Amino acid sequence: MAPAATPCSPRLLLASSASPPPLFRVAARPLLLGSRGGGVRLRVRCGAADEEAEVRRGEQVKASVEEMAPGLDLVTLAACLVGLLTGVSVVLFNLSVHEIRDLLWDGIPLRGASWLREEPTAEIWQRVIFVPVSGGIIVGGLNTLRSSIKTNSDGSVSNMKGVFRPFLKAAAASFTLGTGNSLGPEGPSVEIGSAIAKGFGNVFGWEGGKKLSLVAAGSAAGIASGFNAAVAGCFFAVESVLWPSSGDSSSLSNSTPMVILSAVIASVVSEIGLGSDPAFTVPEYDFRSPTELPLYLLLGVFCGAVSITLSRCTAVTMDMVERLQKTTGLPMAVSPALGGLIVGLLALVYPEVLYWGFENVDILLESRPFTSGLSAAVLVQLIGVKILATSLCRAFGLVGGYYAPSLFIGAATGMAYGKFMRFTFTGSEAPFHVPFLDVASPQAYGLVGMAATLAGVCKVPLTSVLLLFELTQDYRIVLPLLGAVGLSSWIASSQRFSTSGKGKLDSLEEKTSTIEEAKNVPTQTQQLTSVDSVDATAELCKLESSLCVYDVKDDNVLENLTVAESMKTRYISVSLKTPVVEALNLMLVEKQPFVMITESNKSLLGLLTVKDFQDFCKTVKSTRMQPEVDECLVSHVCGVVRCKIWSVTPHMPLTTAEKIMDSHGMDQVPVVSEHVNHQDGGILIGFVDRECITIARRALAAKEFFSFTSEIRREES
């Protein structure tokens, strides 16, 4: 036990005791640094009655449905309805994208964006730039509206408004894609299916395995209706939702019929609404001899490298844009328009980077009539430009998926590779003529490259293989396809990287004990275990949040947890008079990336991170001598950089803390006592960071899984 700290000295504090039951839900306004008249204003609402009413409504709906269909499994019926509604929604979504595109662009749709190459730049540059920018402006407004609905609502009002969030995101995706920005529709399609599935689960009050099965069914329906490929949709759900959920074989077998029914129904609806043609036209291709297999394996290596390049480029651009927003104060609503501007400028030289359905993929594969193919040199250039455009669109907040860009990049990679190999090994003028090696057409390599790149980027190798096999309906391509996809997926999976900001997955830490009101907080410290960081579990979560559905980040789960049940109580506390060097030494010793600023009575004034100290040092070094930097106090830092002044209280839902961190770009938020008056800003008692939220979410998911497994075993017995 460490001795108690003096009032004005740096302190390392820990408080632990039993937490009171979560009777109320509260929301906080920001603390004002150094203001005596500020403080936390609490908006208290009793939540028990609302929750009981919601449960009763769910039971009534469930009873009425069971009365109408007594002999039918309710979950299976719900999966069929999910497939039907997802198919209809995806059809409407795709039609809206086509209508926006036809309204804003001219040209022959079957020719994709290639017609822009034939037009004089002086006549089309205004449209090529203005249309993506206009889409970014609309998306920025929709993102702002969606964010305000997410962060400013609570309780039953939040549940009602939460219904509109998927529609707003789908609308944002429609304008993103309809105006030609470089993303794809499959991510939103999967999210539409997942949102519908979660809605059914919430209506019937299903949790755990039942809700997971519905989400899998919705995800399968999204892919099946998007590509008109039911088999690929089923494998996507199994590969991306059911397998990573750590379920047992019984839960997997119970979910599989639901996934199949949902995918088939969604595919039928999509075929009725959008036609029976596949997503893209399969060109004439051939697989000539087994001697080509080494060439396909080498293509898999290249596709794996391209997948890593896309992933890392996205991480770097997201970090750069985040820093740009912090340093320049660029509003989040303006960012999508800036991304559209960059896409428009790139499209002046490379119009194929514009999203034009899968017509641009057909252009690369040379499967459309009256279109000329692109040279290998132009295809290589398109690979780099498409990677850059896709990364910038995602970083600047435009809405869409990574499936279509991955297929485009893979097609360009395979076609360029195939043309180079034919030039190298085929023909009388080939530099390395091999008599027994008969190289197939570039289209065969283009198709394999599409699947291999998709597998490397989105970590769905089986889905990639089945998707291409379902579209080609030719078993001869399966052997080279499996080899290339396997190598690409293995190479991409072996590379892990971390990214900052909202997209990163935080490390895990042992959960600390709960706390009570600030009046009972002891001033002495206790021993805590160290923090053990772990790597991210899937790069897909970083790149394609709408496809990372197996994590099921449902806010309703965390609503049942309070800040008090998840907070950490070991922290560094300094005063405004503490030297900066001393504060940094404490951060190094305790291995914490931030310090809390308090007054003598432990009243919270603000929070400073390592980044804040770094920014302060850069500012001071540019204007002062080095010896004066060592004499700087924490108060001087607060006068230069903006201290974090948001806080939460113990009885708040954990989702409130997460929303505050998301809204203000924070990785931790202080926890203050609920007894706030006009003389202080709240007594500091701990903090909540993203590790706390990750631990809580995964622990609850594991708890629900074991509860579901026990329920299945009881039913079987």
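Including glycine, each Cβ sits where the backbone N, Cα and C put it.
Marked as transmembrane segment by TrEMBL: 74-95, 214-238, 295-318, 330-350, 370-389, 396-417, 444-468, 475-492. Look at TrEMBL and you will find 567-628, 640-704 tagged as domain 'CBS'.
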Is the transmembrane segment (214-238) in contact with the transmembrane segment (444-468), using three or more Cβ pairs under 8 angstroms as the rule and ignoring pairs under 6 apart in sequence? yes
Do the transmembrane segment (330-350) and the transmembrane segment (295-318) share at least 3 Cβ pairs closer than 8 Å, excluding pairs fewer than 6 residues apart in sequence? no
Contact between the transmembrane segment (295-318) and the transmembrane segment (370-389) is defined here as three or more C-beta pairs under 8 Å separated by at least 6 residues; is that satisfied? yes
Grouping DSSP H, G, I as helix and E, B as strand, the residues of the domain 'CBS' (567-628) number 26 helix, 18 strand, 18 coil
